[in-house]
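In what follows, a structure is listed as structure tokens, so that the remarks can point back to it.
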Amino acid sequence: MTTPALLPLSGRRIPPLNLGPPSFPHHRATLRLSEKFILLLILSAFITLCFGAFFFLPDSSKHKRFDLGLEDVLIPHVDAGKGAKNPGVFLIHGPDEHRHREEEERLRNKIRADHEKALEEAKEKLRKSREEIRAEIQTEKNKVVQEMKIKENKPLPPVPIPNLVGISGGDPEDSDIREKREKIKEMMKHAWDNYRTYGWGHNELRPIARKGHSPNIFGSSQMGATIVDALDTLYIMGLHAEFLDGQRWIEDNLDFSVNSEVSVFEVNIRFIGGLLAAYYLSGEEIFKIKAVQLAEKLLPAFNTPTGIPWAMVNLKSGVGRNWGWASAGSSILAEFGTLHMEFMHLSYLTGDLIYYKKVMHIRKLLQKMDRPNGLYPNYLNPRTGRWGQYHTSVGGLGDSFYEYLLKAWLMSDKTDHEARKMYDDAIEAIEKHLIKKSRGGLVFIGEWKNGHLEKKMGHLACFAGGMFALGADGSRTDKAGHYLELGAEIARTCHESYDRTALKLGPESFKFDGAVEAVAVRQAEKYYILRPEVIETYWYLWRFTHDPRYRQWGWEAALAIEKYCRVSGGFSGVKDVYSSTPTHDDVQQSFFLAETLKYLYLLFSGDDLLPLDHWVFNTEAHPLPVLHLANTTLSGNPAVR
Ligand code: DMJ
């Protein structure tokens, strides 16, 4: 019988272990047993070795590991080990155990001491009174403010100051006029002193509640609008202590890094205009520096697809937007069109053309646009560059755009012919479509709305009497007399709107409708909020004609303001000029000090105070000097363009 060969599973044949004579199955079994025995011997030797090692090798648990995680803690006599990745990991070996314990202890003590010290300091803080803590915070704050001031109030490049003529004086020879002028000065002091006492640092004053007030055009800011707006009036009235007081407040407190959404137009005409005028009159650099700082904050408002600025900008974030009520998200003509004077002066004073470019861009864009009937609509969309609703007015929403075209020309020493042409074209269209004579013979300026003329004139539009008179000289062929006459007619109509009320103060707007002439009809239009436009027109007409009626009308208005608007805490607007027992609105507007009282004071001063061939008043009555641009390299001069 044959034994089957041993076949591995893989199929490869394993050769038999050849230890002697030819192998038989019995022999093969004997050899396997001896192999097992040898293996067993090796295994037991290995186990014995491990057992010995267990008892005789050193104890690894005696190695200690300190992970301090600090690179700068120094432990003496320790071996950091070469190539250790974390220099804060140190190995301390067993033989130095005692010393290491001491080291540990030392570290623990140090940590404990540090904690106790911090605890003591905290307790010390808590022991301090509120006042002490407040004083400490104030000191810190002052330090920061001082540092910022040094950084911010960097000097601007020197520029030739234009010829400044007639910044004081104007004393009238006539004693009656002198007295009247003194009375206006006393009214200014009453308005200022009460603001100083009850509203200092706030934008405006509530003269009855005797506290600060801020209109929404200045957002939530407290930027002392009344101080800035009033400065130049104080200066020309010779109220120098008050002027200095205002200057100090501006130096120490006027800060534009506020998280507040403000009107670009209002901030420009009141703050930048006010600061620039204060600078030119007093020569104090701080006003110029503040004006430039503020202008920088307004620049983000111009970041629109067309370069037509937003109505509002957040002074901190630079985010702009338009008024919710403005037609289809539009910007307003009287707002983006009333930046030119101030921005030209900023470029002149800084040598930085950015301001000039912004306003010239607006002008160029307007110049290229189609105008229905030659009229500029009040609304323009800054995203699309298209007109909004076709509404044209020389009062609110349109007014100072026309004023600034004329004044751009005057301010350039009559070299900016482009501005003059735009003014002349616009005024011709206005005269053709908006100016009418009532049945009773009163010339008025209506408003163009949805294709027809609304026979309503706003108090704001009364400024145009002065504008027509101011623009008479230099107007197209033989029309100077005509425009002076037109200015006088508007002055007469606006005087009528005052004269036909119980308080002898003008309503916000008045109608020409059948038997109704120069009278407000709706209750919501009967208020007077200390506005200047009518008095402004009297003053211009006085300067150009010296007709005593303008002084007389101005004096009537001053007496009415004194009688019905004066309260012990300042001056207030009234809600209904047709009611002989007035209700006050409890707001002393900043423009009352900037404009109304200034124009009254100038009306009773000689023409040598701020002569009109050297000064141009911005729309908030801040005088800015004529710039002889023909002699400068500033490209406002058409010769350079
Ligand atoms: C002033 O802030 C300015 O005169 C502006 O142009 C229009 N309105 C007010 C005063 O009424």
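Each residue, glycine too, has its Cβ placed from N, Cα and C.
The active site, proton donor annotation in TrEMBL covers GLU266 (among others). Under the three-state DSSP scheme, GLU266 (active site, proton donor) falls in the helix class. Close to GLU266 (active site, proton donor) in the fold, though at least 6 residues off in sequence, lie ILE217, PHE218, each with a CB less than 8 Å from its CB.
Look at TrEMBL and you will find ASP399 (among others) tagged as active site. Taking a C-beta cut-off of under 8 angstroms and a sequence separation of 6 or more, ASP399 (active site) has the following same-chain neighbours: ALA334, SER393, LEU460, ALA461, PHE463, ALA464, THR619.
What TrEMBL lists as active site, proton donor is GLU508 (among others). Around the Cβ of GLU508 (active site, proton donor), the same chain contributes GLY458, HIS459, ALA520, GLU525, LYS526, TYR527, TYR528, ILE529, each under 8 angstroms and 6 or more positions distant in sequence.
If you look up TrEMBL, you'll see GLU533 (among others) marked as active site. Other C-beta atoms found within 10 angstroms of the C-beta of GLU533 (active site) number 24, with every protein chain shown included.
A 10 Å cutoff on Cβ-Cβ distances gives CYS494 (disulfide bond) a total of 28 other Cβ atoms nearby, all chains included. In the three-state DSSP scheme, CYS494 (disulfide bond) is classed as helix. The annotation disulfide bond is assigned in TrEMBL to CYS462-CYS494.
Annotation source TrEMBL lists transmembrane segment at 37-57.
Cβ neighbours within 10 Å of CYS462 (disulfide bond), excluding its own Cβ and spanning all shown chains: 31.
A helical conformation is recorded for GLU533 (active site) in the three-state DSSP classification. Annotated pair GLU533 (active site) and CYS462 (disulfide bond), C-alpha to C-alpha distance, rounded: 6 Å. Reduced to three states, the DSSP call for ASP399 (active site) is helix.
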